Amino acid sequence: MTDMPSVTTPALDRYAVFGNPIGHSKSPIIHGQFASLTLQPLSYEAILAPIDGFEASLRAFFQAGGKGANVTVPFKEQAFALCDSLSAEATLAGAVNTLSLLADGTLYGDNTDGLGLVADLLRHLGSLQHKRVLLVGAGGAARGCILPLLKAEVGQLVITNRTQSKAQALVEIFSQVQQGRYSDKLQAMSMPELSGEFDLVINSTSASLAGELPPLPQSIIGNKTACYDMMYGAKPTAFNQWAVQQGAAQVIDGLGMLVGQAAKSFALWRGVEPDTSGVLKLLRDKLQADAQ
């Protein structure tokens, strides 16, 4: 009787998402689906890091063999500070959502939020070229999206915020880092100053989560305007409901951005970009089921 040859299962590369809270995270589901789809040997888990212990938690993960990590609220700025090298998107965002441990042991940081947004917008709209775009909000979510939107060749990008000085500061920071590039396409305006219809209005604020609305003039929405809320839920967000009432041609929520940024992170780590349509449908169906 001959011995059967032993079959060794290849070790799974470890990835994780760090946050606090983290129980709500859909990242393990998304990356698990991506791994199955692309036949990549990896595991992906959610790790609750103590508010005052993110760095220690992250270092322990990498010392135990972790290959890469996603970072969510409230640790994106801390992750930025820990990186040895950064992408242009991360530098401009001042925040990191994707960490990679390089072969030399150093930490590389990227921000794929804006790339995920643009990927979802292109999926819905086909092109952003020459479009007049309004970005509502001047926080971290907005910062991460400016460069990807401009790289997508929008015609004009206007940033508006309740506190106008924050929008203006964001434009100035961007202009300094980019040494004046795109200055002809980027500007800040106060909400009362806004005039004329926009092709695309993006809400980067979390106001919808509280059922609130930024005080935007109705005149910015026309019958060809697409509106995008980075927030999402089982029902249309407060912002998207308002946009429909103003006659917007199309409203889109941020679930596709969530899946899109995850796909960009996955591609950064594994060298293959997964198709997002199946995962997006799975999450959308789950949202609807959980709401019933």
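Using N, Cα and C of the backbone, Cβ positions are placed for all residues, glycine too.
Values in this document were obtained by computation on a predicted structure and should not be read as measured data.
Sequence-distant neighbours of ASP113 (shikimate binding site) (same chain, 6+ residues apart, CB-CB distance under 8 A): ALA93, ASN97, ALA141, GLY144, CYS145, MET257, GLN261. Taken residue by residue with DSSP, ASP113 (shikimate binding site) is part of a helix. The shikimate binding site feature in Swiss-Prot is assigned to SER25, LYS26, SER27, THR72, ASN97, ASP113, TYR232.
Sequence-distant contacts (6 or more apart, same chain, Cβ under 8 Å) of LYS76 (active site, proton acceptor) comprise ALA95, VAL96, ASN97, ASN111, GLY140. Per Swiss-Prot, the feature active site, proton acceptor maps to LYS76.
Within the same chain, residues at least 6 positions away in sequence whose Cβ sits under 8 Å from that of GLN164 (NADP(+) binding site) are ALA188, MET189, SER190, MET191. As annotated by Swiss-Prot, NADP(+) binding site applies to GLY137, ALA138, GLY139, GLY140, ALA141, ASN161, ARG162, THR163, GLN164, SER165, LYS166, MET230, GLY254.
Among the binding-site residues listed here, namely SER25, LYS26, SER27, THR72, TYR232, THR72 has its C-alpha nearest to that of GLY139 (NADP(+) binding site). TYR232 (shikimate binding site) sits 16 Å from GLY137 (NADP(+) binding site), counting Cα to Cα. Cβ contacts within 10 Å of THR72 (shikimate binding site), excluding its own Cβ and spanning all protein chains shown: 18.
Within the same chain, residues at least 6 positions away in sequence whose Cβ sits under 8 Å from that of GLY254 (NADP(+) binding site) are LEU117, ASP120, TYR228, ASP229, MET230, MET231, TYR232. Straight-line distance linking the Cα atoms of THR72 (shikimate binding site) and LYS166 (NADP(+) binding site), rounded to a whole number, equals 22 Å.
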